[in-house]
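Colleague: My structure is below; once you've seen it, I'll send some questions.
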């Protein structure tokens with residue numbers, strides 16, 4: 001079996017995967033959401049401290065199975081440097097203790113393999129990766145080579161939801177909170193936000209402008225003056241109407257570029273991965289797009305959309321079969337590396 005370790009941001013996770021039949025023998029994740037929620041986002045130093053507490057506890061649970069581990073797959077890129085260090089250090093120490101090889105796994109590649117947790121990978125494949133840190137459309141050829149078709153010039157899809165939620169003091173993470181409020185919208189025509197790059201041929205995403213539009217509307221409702229004083233607070237109806245308009249504009253922005261890409265490329269299969277892929281508005285839109293283009297849609301199970309060690313073990317298994325091991329002194333963290 002392969003041991004997978006994930007600690008790229010604010011989730012500590014460990015998994016055991018059977019190499020031959022891809023059966024997930026163990027998977028557990030300790031989330032830090034409640035600890036970071038008061039701050040409206042991830043506090044790196046706090047995340048690092050929590051990883052040093054959670055990872056040893058998780059590994060202690062599977063200690064009786066250490067003797068069956070053939071390799072250790074660990075996320076080493078990209079992510080928060082202080083978080084990555086925790087997982088990589090743990091993997092190195094355990095690798096020495098168990099005398100098993102190390103496998104370095106790119107976190108984003110791990111998300112791709114969340115589509116194939118219990119089956120062999122099926123390439124070629126188009127992928128939309130949407131998370132708190134990334135927004136990109138990828139093309140993966142038959143050999144598994146990844147090409148970037150579209151990325152973001154500033155905020156990511158998931159990050160914009162988190163920041164809008166922070167403006168309304170909805171806590172962290174903000175994706176589910178914004179989505180739930182959007183469902184409560186009573187006036188769907190009250191707000192209409194401009195969709196970024198709508199008539200631009202560039203295959204590029206940008207969510208900072210959309211986020212700023214939300215901020216301006218909130219300030220307008222509150223009657224906020226230059227000194228920061230406000231006449232009133234947002235009502236639940238205010239927040240619901242704003243969330244509805246924001247979510248639809250954000251999803252429409254994704255779909256605008258994605259539709260252009262579908263016209264240029266004939267995908268036989270297309271997958272949605274990443275924590276923000278759990279957004280039901282976005283999922284339903286992409287389902288329609290794939291149906292209209294005769295394309296098979298692949299979806300990761302909702303519980304494995306966010307960061308998890310199962311996908312890291314699964315991606316590591318591919319490298320294991322090809323002998324893709326890394327020496328201890330060559331396993332470094334790369335916070336900003338993508339592909």
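Using N, Cα and C of the backbone, Cβ positions are placed for all residues, glycine too.
Checked Swiss-Prot, it gives:
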type    : residues                               : note
BINDING : 107, 111, 307                          : Fe cation binding site
BINDING : 129, 130, 131, 132, 133, 162, 175, 279 : substrate binding site
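If you look at the structure here, what lies around each of the features I listed?
Modeller: Within the same chain, residues at least 6 positions away in sequence whose Cβ sits under 8 Å from that of residue 107 (Fe cation binding site) are 6, 8, 75, 77, 78, 79, 307, 312.
Counting every protein chain shown, the Cβ of residue 175 (substrate binding site) has 26 other Cβ atoms within 10 Å.
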Colleague: Taking just the CA atoms, what is the gap between residue 175 (substrate binding site) and residue 111 (Fe cation binding site) in Å?
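Modeller: Given the Cα positions, residue 175 (substrate binding site) is 18 Å from residue 111 (Fe cation binding site).
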Colleague: Between residue 130 (substrate binding site) and residue 111 (Fe cation binding site), find the distance joining the two CA atoms and give it rounded to the nearest Å.
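Modeller: With distance taken Cα to Cα, residue 111 (Fe cation binding site) is 10 Å from residue 130 (substrate binding site).
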Colleague: According to DSSP, collapsed to three classes, what secondary structure does residue 162 (substrate binding site) have?
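Modeller: Where residue 162 (substrate binding site) sits, the three-state DSSP reduction gives helix.
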Colleague: Near residue 162 (substrate binding site), which residues of its chain come within a Cβ-Cβ distance under 8 Å, counting only those 6 or more away in sequence?
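Modeller: Once residues fewer than 6 apart are set aside, residue 162 (substrate binding site) is near 40, 41, 132, 172, 173, 174, 175.
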Colleague: Other residues near the Fe cation site, CB within 8 A of the CB centroid of 107, 111, 307?
Modeller: 6, 8, 75, 108, 110, 114, 131, 274, 308, 311, 312
